[in-house]
Amino acid sequence: MTDEFGMVEPQEGEAFGDEWEEIDVSDDEADRIARRKDRDFDEFRMRLKDADQFKVEQSVFDDATFAAIYKLVQDGHIDAFGGPISTGKEANVFEALGGDDADVAVKIYRINASDFRHMRDYLEGDPRFENIGHDKGQVVRAWVRKEFANLERAQRAGVRVPKPIAVQRNVLVMELVGVVDDRARRLSEVRVENPQTAYEVVREYMRRLHRAGLVHGDLSEYNLIIHDGELVVIDLGQAVTVHHPNAEEFLRRDCRNVANFFRRQGADADGDSLYEFVTGDEGEDGDGDE
């Protein structure tokens, strides 16, 4: 396998079985800070609300969201905010300066704007959320913590994803791949050079993710980015375990989407063969396209 697209390797000493620790979705420190509303937090909240990049978000950021950011600043994960990177239906992503002077991405899910039913479709059936309730705030918190846990698991399995750094309530801090002035590009935005090689890297990442017990669930050229010749898988919030009742359906859809894109780019790719490659025995190394 070529390293032309910067394939990473699995972390040593990691083995994956069927063990899944339940993810706690109860109130965290950010909720307690928001309830206390001490003077330091109030002053921080007002400064943040007055910042230009947050003025348009005052109607959707509740006190607990500001408290989550406050706690992440206290813990040294965020030193200063930059501008917005992207604005989506459910979350906004901001550039920020991390505690080690590295650029980080801060993904803030908006409780009131998130698609509650869409999230529940991916959470129900996940063994990590067997006792998830119906409160909208709790569902969004579960979604964010699931994204953080999925990123950690994918990284250990040798899948190139943004490195997860910290999570508080509905706020996720992770590695920023590229910077605003030199941002990473979605594959949908570029003409892929050497599409066969790129396809082989992506399908290997899909197989590693599956062996780690996860299915991305929404993989396509819109959730694959490239920066400095490196392919990165993003948006793992909806990724489900292989035990999810819809895992096979999601995986087959991922395989079709990925294969169709790379075939249009000129690669020898087929959805059914990709599915066989991803789900094949660990000892197999077939090319999946014959």
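Glycine is no exception: its Cβ is also placed from the backbone N, Cα and C atoms.
Note that the coordinates shown come from a computational prediction; the quantities given were computed from them, not determined experimentally.
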Original post:
Which is it, of 1-22, 23-44, 243-264, that Swiss-Prot names as region 'Disordered'?
Top reply: 1-22
Subject >> Residue from Lys71, Lys107 that Swiss-Prot also lists as binding ATP with Ile85, Ser86, Thr87, Gly88, Lys89, Glu90, Ala91, Asn92, Val93, Glu175, Val177 >> reply: Lys107
Original post:
Just checking, which of Thr87, Asn223 (binding-site residues) has the fewest C-beta atoms within 10 Å of its C-beta?
Top reply: Thr87
Original post:
Among Ile85, Ser86, Thr87, Gly88, Lys89, Glu90, Ala91, Asn92, Val93, Lys107, Glu175, Val177, listed as contacts of ATP, what is the widest Cα spread in Å, to the nearest whole number?
Top reply: 22
Original post:
Here are the recorded positions: Glu175, Asp235. Which has the lowest count of other Cβ atoms within 10 Å?
Top reply: Glu175
**OP:** Sort Val93 (ATP binding site) into helix, strand or coil using the DSSP assignment.
**Re:** strand
**OP:** Between Glu175 (ATP binding site) and Asp235 (active site, 4-aspartylphosphate intermediate), find the distance joining the two CA atoms and give it rounded to the nearest Å.
**Re:** 13
